[in-house]
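Reviewing the structure listed below.
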């Protein structure tokens, strides 16, 4: 996994506030932890430890959100998206083996930034997307998750145009991410990554930061209107898309 010893105090001093901030975003939007946490954590711990650790914390955060707002989950949307997410993940894993990821990452990042900027500047759209849009958004979200490690922003675009209640958006988004990360964590467990007790110790030490962040994010959203909430989502989308663009250009 990469740790030579138990996490040091210096590593925890960097990781704990980083995780807390990342889960403020998760508490607000239901996604985005890797966007905030991964680049900073990479300076304090082995890169190979970051994704498995965040997978455990994301699962726990999704459970925490579920206890708070689980009754708000739009189950019809969830049941429509999950099979497409799984199918898309299989396609994404296949594409990862045969298609150069950099051009796709760049195109996706530019699309997300352009969409979010347009959504911020344009008049709020009237009406909602038709049910048929679940097919491209669900499938593409799964593909992106498999290829680039995060598809939450794709689901956020769809749910933001389907659901009128901001708590329903957050709850459904959180449930999707929880299922996605549970699958990922199960794969990591089968691969033996969690047999290293040092990674589990790290995850436990970071739980207070996760709890504090999700609590703060939840209380922020209580003071937001739906339009204010969506504007925050669009800003996070811009950051997510910009991160993909930077990764794509750096890879070149």
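Using N, Cα and C of the backbone, Cβ positions are placed for all residues, glycine too.
According to TrEMBL, the protein carries these features:
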TRANSMEM  12-38  transmembrane segment
TRANSMEM  44-66  transmembrane segment
TRANSMEM  78-98  transmembrane segment
TRANSMEM  104-121  transmembrane segment
TRANSMEM  133-159  transmembrane segment
TRANSMEM  199-217  transmembrane segment
TRANSMEM  229-250  transmembrane segment
Intrachain residues whose Cβ lies under 8 Å of the transmembrane segment (78-98), provided they are six or more past its termini = 104, 131, 134-135, 137-147, 151, 155, 158, 172, 175-176, 179-180, 183
Request  = Count the Cβ pairs between the transmembrane segment (199-217) and the transmembrane segment (104-121) that lie under 8 angstroms and are 6 or more residues apart in sequence, then report whether there are at least 3.
outcome  = no
Two-stretch contact, the transmembrane segment (12-38) and the transmembrane segment (229-250), at least three Cβ pairs under 8 Å = yes
Ask   = What residues in the same chain, six or more past the boundaries of the transmembrane segment (229-250), come closer than 8 Å to it by Cβ-Cβ distance?
value = 25, 28-29, 31-32, 35, 102-103, 105-106, 108-117, 119-120, 124, 148, 150, 152-153, 156-157, 160, 166, 169, 221
Request  = Count the Cβ pairs between the transmembrane segment (104-121) and the transmembrane segment (44-66) that lie under 8 angstroms and are 6 or more residues apart in sequence, then report whether there are at least 3.
outcome  = no
Ask   = Same chain, outside the transmembrane segment (133-159) by at least 6, Cβ under 8 Å from its Cβ: which residues?
value = 29-32, 34-35, 51, 74, 77, 80-81, 83-93, 95-96, 101, 104-105, 108, 112, 115, 169, 172-173, 176-177, 180, 233, 236-237, 240-241, 244, 247
